[in-house]
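Below is one structure. I have some questions about it.
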Amino acid sequence: MLATFVIALREGLEAALIVGIIAAFLRKNGKSLVAMWAGVVLAVILSLLVGVGLSLSERALPQASQEAMETVIGLVAVFFVTGMVMWMNNHAHEIKRQLESEAAVAIRQSSAMALASMAFLAVLKEGFETSVFLLATFSVAQSAAWAVAGAVLGLVIAIVIGWGIYIGGVRLNLGRFFRYTGMFLILVAAGLIISALRSGHEAGWLNIGQQRVANLSWAIPPGSVRSALITGVLGIPTDPRLLELFGWGIYIVLVGILVYWPRHLRPSVTRSRQLLFSSAAVLALTALALFSAYPRATLQLPATAPLQGGGSATLLKPSTGGYQLQITTPQQQLHYELADGQQKSSELKGVILQEWNITRQPEVSGLPETLTVDQVMALYGHRIPVGLSPAQHPGPYNVSWQVNCSVDAETAGQTIYSAAAHTTTLMTLSGGGLLSPRTYTARSSVPQVGCDWQLDDRWQSQVDEAMQNVVQAQLRHTFWAIQLPLLLGLLAIILLILALRRRDDSRQASDAGYRPVSPESK
């Protein structure tokens, strides 16, 4: 409630002051207030529509998208409140003079539309900022009803104070008011930084720096007054994460220095412009260096993997292209060609895998040329094959053999990710009472052809650990090479805009101070 009260009071008072100054100036000059009030009413309606539209849009989205939208709204609210605090800290004493000057121009032009536009744009700016900031605050408030009550109370008091200032019955030190409420709003905005980073993590955008740095549940018990003030108002959770702590601290330090640094210690306009240009260049170069130089995540595995029962599998890279899988067992050494163009690609946790499925028919020897019924049953899993009747087909049978060796291999870069081979043995029976040949799959073991092998279980554990390392490395790469450079680039653009504005302000001040002497005055 306190946070929404101060937000609504401050923003509402800004709008009320602007409207009051314009109204007083118009009344002083004997002009109608109808056009001004038309602009005010239209701006209020649009501000309400913006708030309602954002709220309805957020509720209509899936959970992950809601978290993403809360992140965006929170960051936009932080941007608005920071700009508002800094602008009012530097220009509060100039508001009346600037508004009266613009109103005087509109009066000279006899333009009711200009007066309506002045009031409309001024109130719309404050109303839009209030809608976004209150929506971001409502999303982290412990009680929505109390948050709404605080906002309504703040707006009512702001209108009363604005009316009092307009009729001359209220005197308020605006500079001190905006300075102290600005200090409070900086703390509230820092809490919104925490909630935006938390929502960004829940949306799947930020997965680095999520280590819990403290457990504050003992200091901020749920339902207590301290919880309402610290968590509800300032947005500090009981389980702050490392990234949230950094964001909170950096924001408070930077904005606090920019707003409350003593004026007599601030650099000159020229020096300030140079510092802004230099800082923008440093941020841009840092972003470019991080984007281009930060290493990408790669799967780190040995080139040779152990086999169950002894032996090894090695992935070779021949000069002719593709890969060659070398299987070394105590009995023999086999080579399987993994040709280019025969693989399928897939992605697992951000790692590109190449999958080969190879089938070949190796030469076999030592297999019997005839089989009895008992031998057929033994090879068929001690069962009589379907369609074979010992009474009608007593055997023995002539048999021809076909052995198919199937290899499934997956590679990740220059390393083996997984590999296994198995044998399918087909026996075709004829004679022995059979009117036509019958083909069956031998389910029991036959003499080895070097095709039944698989990687050791220890290798799979090693692969799982390496994949976890890749996932963590990808998260670090996403943050350091993509997200952080984008943030630094945005900050560089903001500093560049501020530097250009300082240069324009300096030129305007120089032009205003230069008064050429006419020949007649000599």
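Glycine is treated like the rest: Cβ placed from N, Cα and C.
The feature transmembrane segment is assigned by TrEMBL to 6-26, 33-56, 68-87, 107-124, 144-165, 177-197, 245-263, 275-294, 479-500.
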Go through 33-56, 144-165, 177-197, 245-263, 479-500 and flag the stretch with the largest number of C-beta pairs under 8 Å relative to the transmembrane segment (68-87).
177-197
What residues elsewhere in the chain lie close to the transmembrane segment (33-56), defined as a C-beta under 8 angstroms and at least 6 residues from its ends?
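Here the qualifying positions are 19, 22-23, 26-27, 73, 112-113, 115-124, 127-128, 130-132, 134-135.
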Pairs of Cβ atoms less than 8 Å apart decide it: which stretch in 177-197, 245-263, 479-500 has the most with the transmembrane segment (275-294)?
479-500
I need to check the long-range neighbours of the transmembrane segment (479-500): which residues 6 or more away from its ends have a CB within less than 8 Å of a CB in the stretch?
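Sequence-remote neighbours of the transmembrane segment (479-500) are 205-206, 208-209, 273, 276-277, 279-281, 283-284, 286-288, 290-291, 294, 296.
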